[in-house]
Amino acid sequence: MPKEYMDEYQPLLIKEIKPRRPKLPNKSLLLAACAACIGGTFQYGYNISVINAPTMYVQNFMNQTWRERYQIDVSQEFLTLLWSTIVSMFTLGGFIGVTIGGTLSVKLGRKGTLLTNNVFALVAALLMGLSYPTGLFELLIIGRLFTGINAGIAICVQPLYLGEIAPTAFRGAMGMGTSIFITGGILTGQVVGLKEILGREEYWPILLATTCIPAFLQLLILPWFPESPRYLLIDKGDTEGCKKALKQLHGIADCDAEWEDIEKEKNNLKGVKAKKPWELLADRSARWQLLTIILLNAAQQLNGINAIYFYADYIFKQAGIPNDKISYVTVGTGACECITALTCGMLIECLGRKVLITGGYTLMSICCILFTLTLSFQDASPVVPYLSMACVFAFILSFGLGPGGVTNILTTELFTQTTRPAAYMIAGSVNWFSFFFIGLVFPFIVIGLQQYCFLVFLAICSLVVIYIFLVVPETKNKTFLEIHNEFQPSSSRKASSVDGAGTTLLSGPL
């Protein structure tokens, strides 16, 4: 080709080859995500932390009520049992919620389930707010059960909604909304529980009833946004509804690529119904995906983050922080985790899921070693308690950077539309059971091993790093079908057929 023609077409060639720079997500998409999260996982985080501030006040109320009923003080052992019941009802409710969340998301839709779920939060707020005026501490037990059900459904369905409304290029960042709002809820609960706000004895019924505020906000905001486009097209066959939802969420200019992706997935899943959890467990084509999410969700609770919070008060006291100031330092740990979740959200599309979660668990393993050493030599030098404090914050940062945020995203990305709700039911059940298990067993581990309990968590974090490195593929910028085929045997991948549009068909049986 003559040079003058080369010079003429060079700009066109460069323009064709130059990759398209990703734009920011549509404003409507971000608002829909916030509306889903405020009444979803924000509630989960808020109700985990808000119960800590009024512990003594609630116990005094139960003792006073018992005295008025039976003219005798309740024994310390029974009072501890009652308080443990109130706290553990949240876990039981969460387990119930996650077992029904997947089924509700198929029948009512993702958005419909999130809106309906607010009924549990409103009833819980009413019951806990009325417990003191009526003199019935049993209402607290029932109220905490309902907050748990609300949290269980939210932690199951909200990531589904976020993963399905997000474009492929921003799926990781959007999925981080789950982690960001959990940590935001924890931080908000810690702040609202300070004595300067609602942490005084006369305000504790109002403090526990504030769980109604996020529920009202979601009921006001979320109805203005559409149902998941994938649910509308693949589950309901609503073509027009899907196109309308895509235009609202992604804008008219950017909805065509997402429409093609959803349509390809629908064609590959033609005639396949949504699977039940037991059907997914029997599906050999999804066994590695299932094993991955089971291990990651169990590790999310068993990696030592609960032990860090358990030891935090002791470490802060050893560092010379007065008892009346420890609550403010605890707020600092919540802020630390929240900032890390935001940082992870900004990094996840650049570095990828695998790098972040592997790096997070690696740093946590190092922190476990350092924390064991600093606790063992706590009295060796005045500097050591401050090193222990640094380990507390470093561990929380490492958790928020990887495991805290990426685990839920992987649960969304490793499955297709028909298996995703069942996968969330299984993953959520494992997560809540592990939460209950560590709460039950951890005190005995501490008594038996003391500071060496972190060696157990070191082993868990190290094994997870090895598993992720060997088994889990990078999912950044891949469609759900491409990720599914990553887990198939190489022989099956070669046998995968490709249609005229370049769609790789699912290689294994669904």
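In case you wondered, yes, glycine gets a Cβ from its N, Cα and C as well.
Bear in mind that TrEMBL entries carry predicted annotations, made automatically and left uncurated.
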251-270, 491-510 - the one TrEMBL records as region 'Disordered': 491-510
173-192, 293-312, 333-352 - the range that TrEMBL marks as transmembrane segment: 173-192
Intrachain neighbours beyond the transmembrane segment (422-446), with Cβ under 8 angstroms and 6 or more residues off its ends: 88, 91-92, 94-95, 98-99, 101-103, 105, 152, 155-157, 159-160, 274-277, 279-281, 286, 289-290, 293-294, 297-298, 300-302, 306-307, 310, 411, 414-415, 453, 456
Contact call for the transmembrane segment (204-225) and the transmembrane segment (114-133): at least 3 Cβ pairs under 8 Å, seq gap 6+: yes
Candidates 28-46, 81-102, 114-133, 355-377, 383-410; stretch with most C-beta pairs under 8 Å toward the transmembrane segment (139-161): 81-102
Which of 28-46, 81-102, 383-410, 452-472 contacts the transmembrane segment (173-192) most, counting Cβ pairs under 8 Å: 28-46
